[in-house]
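S.K.: Before I ask anything, let me first share the structure, which is written out below as structure tokens.
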Amino acid sequence: MGRPDPEEGQLPAPVKPPDGGWGWIVLLGCFVITGFSYAFPKAVSVYFKELMKDFHVGYSDTAWISSIMLAMLYGTGPVCSIMVNQFGCRPVMLIGGLLASSGMILASFTTNIIELYLTAGVLTGLGMALNFQPSLIMLGTYFDKRRPLANGLAAAGSPVFLSSLSPLGQVLLEKFGWRGGFLIMGGLLLNCCTCGAVMRPLDMGMKRKMEKAQDKYEAKEMLPVGGKSEERISTTDGTKKAKKTKKKPKKGKKLLDFSIFSNRGFIIYTISKFILVLGLFVPPILLVNYAKDTGVPDTEAAFLLSIIGFIDIFARPACGMVAGLKWVRPHVAYLFSFAMLFNGLTDICSARASNYTGLVIFCVFFGISYGMVGALQFEVLMAIVGSQKFSSAIGLVLLIEAFAVLIGPPSAGRLVDALKNYEVIFYLAGSEVVLSALFLATATYCCLNRGEKKEPPLEKNPSAGGGSDTEEAESDVQEAEEHSSDNHQLAHSTDNTMVAASEEANHVAEEQSGEGGGCPAGDGEVLARDGCNADQMVERDRF
């Protein structure tokens with residue numbers, strides 16, 4: 001069967017991810033958005049010393065700027081989901097780009113640290129959050145077969161931008177000061193609006209096709225046929241009015257779909273991700289200070305983070321390619337568990353590294369495992385909930401991760417101050433990551449795989465995206481199909497009524513011909529026009 005043509009009165013097929021084409025432009029936009037979202041809060045730290053001098057505050061006070069950015073990025077997940085489901089991805093991203101840029105521009109005119117919290121922290125953080133989540137949703141809309149590779153390439157934006165924004169910030173600080181640097185950074189964030197503008201929804205013309213197909217059905221069924229056209233049209237109109245009175249009201253849009261909590265896979269993923277975030281970010285945060293305490297010079301200690309970033313750039317796309325293999329993709333949750341296990345064991349094994357060579361080896365393996373985790377985290381979530389519910393799922397997951405981000409690194413810092421020992425922190429962080437890996441693998445095997453063997457697998461419905469436009473288009477398809485089936489049933493019942501009436505008229509004519517000695521030729525012609533059987537006409541003529 002070929003693809004249905006709406007011009008011939010057929011319903012158009014649902015839009016499928018193209019896995020290419022304009023999707024590569026969407027991938028480039030997602031690459032830029034991911035880079036800004038994850039790297040910008042860290043790159044701002046190059047301005048902290050100048051801020052401490054101008055505002056006469058401590059390092060912990062300025063560090064709150066980055067913390068507020070990350071808190072807004074994670075904690076506003078449900079708000080982003082609601083806005084995406086209500087307005088779509090493109091408008092939300094355009095607004096987010098303007099907020100992110102205006103926050104940094106306004107921050108360049110601030111006079112105290114509180115104003116910096118509100119501008120660079122809240123406004124810029126909210127703007128980046130409104131860009132980050134919709135970009136991932138659009139990426140899942142445009143890619144299906146190549147989605148693991150697309151996620152890996154998009155995730156590579158984080159280390160690439162981190163390795164470029166930090167040196168750029170240092171150059172801007174030396175030439176223009178922190179106020180000029182903030183102003184130029186705000187201008188760079190306007191590129192988020194450009195990335196939002198290229199996020200073209202796939203189902204843009206779907207509603208118009210539905211309306212044309214529905215009109216075609218109505219015109220086809222309302223055409224006059226035979227001498228009973230007026231009666232058929234009146235019957236059709238009366239039946240359509242009755243159908244309209246019985247038609248169910250259209251379901252309202254779900255701003256945030258909480259039904260995903262009934263998905264066991266989503267619950268398992270959320271718990272595992274919460275445990276993971278408790279220890280995942282601790283080693284890179286404490287690595288530089290740990291190296292300095294072991295006697296490593298400052299410049300060489302700072303270079304350790306560059307090693308992690310460089311390895312991370314290649315690890316994420318490579319892991320995405322591996323996850324896209326046919327024999328690996330059905331088991332991507334286990335690959336994600338392996339990546340977390342690899343990362344946790346790296347933390348534990350490096351706890352006693354006492355020289356620079358040992359720390360470099362740790363950075364290499366940590367960069368590989370950290371890149372694998374970054375490339376697979378959202379791919380696993382998309383595979384669990386599907387692209388249609390991904391907009392709500394990622395918002396709720398990021399909200400839960402926000403609590404883990406606020407608990408993990410600060411608690412590790414307090415333990416360092418209390419114990420004066422980094423080994424315990426690395427052991428603790430590695431154990432948390434290993435625990436999350438074991439929990440995900442065990443729960444997936446016991447709760448999901450065995451359940452799939454007992455219950456027959458459900459057919460996967462193709463989904464065009466996570467926005468509200470897709471849900472509305474799907475409801476229009478359903479309504480058009482119901483309307484077309486009603487019209488076919490109505491035409492079928494009308495034809496049956498006419499056949500029954502013609503048979504009854506023929507029966508009366510036969511009785512009259514038997515009593516009166518025949519049927520005149522003129523009467524026979526009228527009966528034939530009214531639907532009389534031709535064989536019965538021949539028999540009456542012979543008689």
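Cβ atoms are placed via backbone N, Cα and C, with glycine included.
Summarising the annotation, TrEMBL assigns transmembrane segment to 21-40, 63-84, 91-110, 116-137, 181-202, 266-291, 303-325, 332-353, 359-378, 390-412, 424-448. Annotation source TrEMBL lists domain 'Major facilitator superfamily (MFS) profile' at 23-448. Feature annotation from TrEMBL assigns region 'Disordered' to 229-248, 455-543. The annotation compositional bias 'Acidic residues' is assigned in TrEMBL to 469-479. Annotated compositional bias 'Polar residues' per TrEMBL: 487-499, in sequence order.
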S.K.: As a test: from 63-84, 116-137, 266-291, 424-448, pick the stretch that has the greatest number of Cβ pairs under 8 Å with the transmembrane segment (359-378).
M.R.: 266-291
S.K.: Residues sitting near the transmembrane segment (181-202): Cβ under 8 Å, six or more positions beyond its termini, same chain?
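M.R.: Distant contacts of the transmembrane segment (181-202): 15, 17-18, 22, 25-26, 28-30, 32-33, 36, 40, 44, 47, 88-90, 92-94, 96-98, 100-105, 107-108, 120, 124, 127-128, 131, 134-135, 138, 141-142, 169, 172-173, 464-465, 467, 469-470.
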S.K.: On average, what pLDDT score does this prediction assign to the domain 'Major facilitator superfamily (MFS) profile' (23-448)?
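M.R.: Across the domain 'Major facilitator superfamily (MFS) profile' (23-448), the average pLDDT comes out at 83.
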S.K.: Do any residues of this chain, six or more beyond the ends of the transmembrane segment (116-137), have a C-beta under 8 angstroms from a C-beta of it, and if so which?
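M.R.: Tertiary neighbours of the transmembrane segment (116-137) are 29-30, 33-34, 36-37, 40-41, 44, 51, 55, 64-65, 68-74, 76-77, 79-81, 83-84, 89-90, 92-93, 95-104, 106-107, 110, 154, 182, 189, 192, 195-196, 199, 378, 387, 390-391, 394-395, 398, 465-467.
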S.K.: At a threshold of under 8 Å on Cβ distances, which of 21-40, 63-84, 303-325, 332-353, 424-448 pairs most often with the transmembrane segment (266-291)?
M.R.: 424-448
S.K.: Output the single range from 21-40, 63-84, 303-325, 390-412, 424-448 maximising the number of Cβ pairs under 8 Å to the transmembrane segment (332-353).
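M.R.: Top-ranked stretch among 21-40, 63-84, 303-325, 390-412, 424-448: 424-448.
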